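Here is what Swiss-Prot records for this protein:
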BINDING   His19, His37  bacteriochlorophyll binding site
TOPO_DOM  1-20  topological domain 'Cytoplasmic'
TOPO_DOM  44-48  topological domain 'Periplasmic'
TRANSMEM  21-43  transmembrane segment
Amino acid sequence: ADDVKGLTGLTAAESEELHKHVIDGTRVFFVIAIFAHVLAFAFSPWLH
């Protein structure tokens, strides 16, 4: 029952694994974006 493929052609287990990678990538992107905004705030006239 667990090897039933959905619309994407992935099994439930494969989808969950892929989702973990997507979430990890989003978190990394978020951290980099926050860091970039802090630098932009510190080194530019933005909001000063």
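Every residue gets a Cβ built from N, Cα and C, even glycine.
Here the topological domain 'Cytoplasmic' (1-20) has, by DSSP, the following mix of helix, strand and coil residues: 9 helix, 0 strand, 11 coil.
For His19 (bacteriochlorophyll binding site), the number of other Cβ atoms no farther than 10 Å from its own Cβ, over all displayed protein chains, is 11. For the topological domain 'Cytoplasmic' (1-20), the predicted model reports an average pLDDT of 85.
Sequence-distant neighbours of His37 (bacteriochlorophyll binding site) (same chain, 6+ residues apart, CB-CB distance under 8 A): none.
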